[in-house]
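S.K.: Questions regarding the structure given below will be posed in turn.
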Amino acid sequence: MPKNSKAVKRELDDDVTESVKDLLSNEDACDDSFKKSSLIVNNHEGEGKECDVEEGGSDGEEEERPAWNSKLQYILAQVGFSVGLGNVWRFPYLCQKNGGGAYLVPYFILLVLIGIPLFFLELAVGQRIRRGSIGVWNYISPRLGGIGFASCVVCFFVALYYNVIISWSLFYFSQSFQQPLPWHECPLIKNKTSTYVVPECEKSSATTYYWYRQALDISNSISEGGGLNWKMTVCLLVAWSIVCLAMIKGIQSSGKVMYFSSLFPYVVLLCFLVRALLLKGSLDGIRHMFTPKLEMMLEAKVWREAATQVFFALGLGFGGVIAFSSYNKRDNNCHFDAVLVSFINFFTSVLATLVVFAVLGFKANIMNSKCVALNTKRIELLLGNGIDAHLIPKHINFTQVSQVSVEDYHKMIEVIKGVKEGDFSQLGLDACSIEDELNKAVQGTGLAFIAFTEAMTHFPASPFWSVMFFLMLINLGLGSMFGTIEGILTPLIDTFKVRKEFLTVGCCLLAFSIGLLFVQRSGNYFVAMFDDYSATLPLLIVVVLENVAVAWVYGIDKFFEDLKDMLGFTPYRFYYYMWKYITPILLLVLLCASFIQLTMTPPSYSAWIQEEAKELTLHFPVWGIVVCISLVVMAIMPVPVVFGLRYFNIIDDSTNGLSTVSYKKGRIIKETARPGEDDDTSLIQGKSPSEAPSPMPGNSIYRKQSGSGGPDVDTAPNGRYGIGYLMADMPDMPESDL
């Protein structure tokens, strides 16, 4: 028996006489000494009081759990996290590549079969247990605690290069306040005798040259470091400073930023859509985009890429979804949230696709007109010298080449091709087709910083649209960054009880220091490496384990009971079969397909060769392949390591004990139960410490106050990461299976 057990028993006998319901409904109990708490006492009108509850963990520190100011703020945070840069520059590319409008069918089917069930699962466990990813999976099974650490590692890897993309957008944003835009035309080199265009720009294009040479100053290969790019280094520092300042107070600071960062991109997308639809050629782009190629739906590759996009679009496995959800009331309808955010994400992708291809249709029309003008001049030079004049329709006037329409040009080409047949290719005339221009698939940085910027140079008031576009990219990126960083900070704070301010600043400083790797001249190649190898396989493994942990380790039936207790209704039976059978099988198939695809494709990257002014695909050197493999191994290593430590009892679960808290007016009497020892507080429940359950939170951490004491009062989380309550005189108090 603990040495102070007699004192504890005497205090309990004398003072703990009130029921918990009476205590929680007594407004006078919340005096000045009960102000710092994670336990919020709410009355029916939604007003709340806070009562001081000291955590009964080994450190005995007080724990505070922040909460969202409103449901809207929470939804915007989840939307901001899930809707990111991939919706703007990845989804349209996949849509074009995989059958146009037909691609939406497999995407929607997989959103229902994989996306919504897994998103609902993460929201539910986060809201129920009210902990970050590490604490959540430790509650379900300590041996699976490595899942949370793996999520943190992946989040850190992604944050390293994702903020570099934001820094690129910041640079372009800062350069957009000029008329004309600096990437409007190729720069000229002047010497004493002549003026000429920069050869690298002349061989490519003005926007391509500006991206690779002016912005990145890129080297020819990943092996050529080339030193730091000071412009991008400053932009990266600004990007991490913004993230640090927005996250330093947790959701209390980042939640307010969400109102702007989550809503502003929609304003910009709608403005771009309206403006693009008024431009010539925009409907050609939209028509090309949504013309379905139904035969492509039979290809396995289309379904694999659709499943991967669904998976990453919702941010599954990162821990950000769990972290944001953990700050919710436990009676919040997270099923509604899951469906709402998933469909907002889907319709945002479709809206972004409309905008992208409306703008690219306009650009294709401009490029086609330039092609027609150039080839018309070539035909004029060939008249009488390879092309007979009588082949040209009489109504075409070569004295005004710019007035030759696209239709007249195609008529000329058809006539000349019919006469010349085999000799036509020697004339050097292009077909000048809008379809060919639109079929030049671009994605990622190629879409945002080359194709889109080129299209905007032809917009009236192009600097305004450039400012809006890159400000939109910055906000999309920041919304995802907030969720990613929250996926790192929340579980670490819950686990190690460090101050949020110190951890946030330390994390951002460390990330900026490592991020200098990405702002050297070869940095773009490292961004591609991390994007391809640091997240895909590890996140798939993490989500497979999450699904198995809930459905098979904890038990799907018990999980459904917890959901009924939390939501007030039983979820649709559809989720039962999805979580237990369909979704795990689909995830395993996707994991195997992704693994085969990675192993069958040699690790390579696209390098910009300055002398040739074009991209070439190069293979990673040996050390680069080692880094690629190391990224995957380091990300997933916490899972087997934690499992092994738990399995062989190197880390003993029982050392954490159960936290026991008993109430006395004006103060708290706390004692930590030790294995193998009797504890007087455990006698309140009639259980020994070894028998006492470690419950999940009950129906609502926001305790409802009522004069009649009508609402049920549930147990709060117990064990390693929670505040434990073993209350007297509450025989009917429900306990969660967790």
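From the backbone N, Cα and C atoms, a Cβ is placed for every residue, glycine too.
Okay, so TrEMBL annotates it like this:
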- 74-92: transmembrane segment (TRANSMEM)
- GLY80, VAL83, ASN87, ASN345, LEU476, SER480: Na(+) binding site (BINDING)
- 104-125: transmembrane segment (TRANSMEM)
- 146-173: transmembrane segment (TRANSMEM)
- 228-248: transmembrane segment (TRANSMEM)
- 257-278: transmembrane segment (TRANSMEM)
- 306-327: transmembrane segment (TRANSMEM)
- 339-360: transmembrane segment (TRANSMEM)
- 464-489: transmembrane segment (TRANSMEM)
- 501-519: transmembrane segment (TRANSMEM)
- 539-560: transmembrane segment (TRANSMEM)
- 581-600: transmembrane segment (TRANSMEM)
- 620-645: transmembrane segment (TRANSMEM)
- 674-717: region 'Disordered' (REGION)
S.K.: Take the C-beta pairs under 8 A between the transmembrane segment (228-248) and each of 74-92, 339-360, 464-489, 501-519. Which stretch has the highest count?
M.R.: 501-519
S.K.: Go through VAL83, LEU476, our binding-site residues, and report the one whose Cβ sees the most other Cβ atoms within 10 Å.
M.R.: LEU476
S.K.: Can at least 3 Cβ pairs under 8 A be found between the transmembrane segment (306-327) and the transmembrane segment (339-360), with each pair 6 or more apart in sequence?
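M.R.: When sequence-distant Cβ pairs are counted, the transmembrane segment (339-360) touches the transmembrane segment (306-327), since at least 3 lie under 8 Å.
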S.K.: Residues other than GLY80, VAL83, ASN87, ASN345, LEU476, SER480 within 8 Å, Cβ to Cβ centroid, of the Na(+) site?
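M.R.: Everything else in range on the chain: VAL79, PHE81, SER82, GLY84, LEU85, GLY86, SER262, PRO265, THR348, GLY479.
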S.K.: For the transmembrane segment (146-173), give me same-chain residues lying six or more residues beyond its boundaries with a C-beta closer than 8 angstroms to one of its C-beta atoms, as numbers and ranges.
M.R.: 85, 132-138, 215, 231-232, 235-236, 238-240, 243, 317-320, 445, 448-449, 453, 466-467, 470-471, 473-474, 477-478, 480-481, 484-485, 487-488, 491-492, 511, 514-515, 518-519, 523, 526-527, 530-531, 534-535, 538-539, 541-542, 545-546, 549, 631, 634-643
S.K.: Do the transmembrane segment (74-92) and the transmembrane segment (620-645) come close, with at least three CB pairs under 8 A (pairs 6 or more apart in sequence)?
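M.R.: No, these stretches are not in contact.
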S.K.: Around the Cβ of SER480 (Na(+) binding site), how many other Cβ atoms lie within 10 Å? Please give the count over every shown protein chain.
M.R.: 27
S.K.: Out of 104-125, 339-360, 539-560, which stretch touches the transmembrane segment (257-278) the most, going by CB pairs under 8 Å?
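M.R.: Comparing 104-125, 339-360, 539-560 against the transmembrane segment (257-278), the winner is 339-360.
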S.K.: Do the transmembrane segment (339-360) and the transmembrane segment (104-125) come close, with at least three CB pairs under 8 A (pairs 6 or more apart in sequence)?
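M.R.: These two stretches do touch.
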S.K.: Residue list, the transmembrane segment (104-125) vs rest of chain: Cβ under 8 Å, 6 or more residues beyond ends.
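M.R.: Sequence-remote neighbours of the transmembrane segment (104-125) are 95, 136, 140, 297, 302-303, 306-307, 309-311, 313-314, 316, 321-322, 325, 334-335, 337-339, 341-342, 346, 350, 543, 546-547, 550, 559, 563, 566, 571, 575, 578-579, 582-583, 586-587, 590.
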S.K.: Residues with Cβ closer than 8 Å to the Cβ of GLY80 (Na(+) binding site), same chain and 6+ apart in sequence?
M.R.: MET258, SER261, SER262, LEU478, GLY479, SER480, PHE482, GLY483
S.K.: Tell me which residues of the chain lie with their Cβ under 8 angstroms from that of ASN87 (Na(+) binding site), as long as they are six or more apart in sequence?
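M.R.: Result: ALA313, ASN345, THR348, SER349, ALA352, LEU476.
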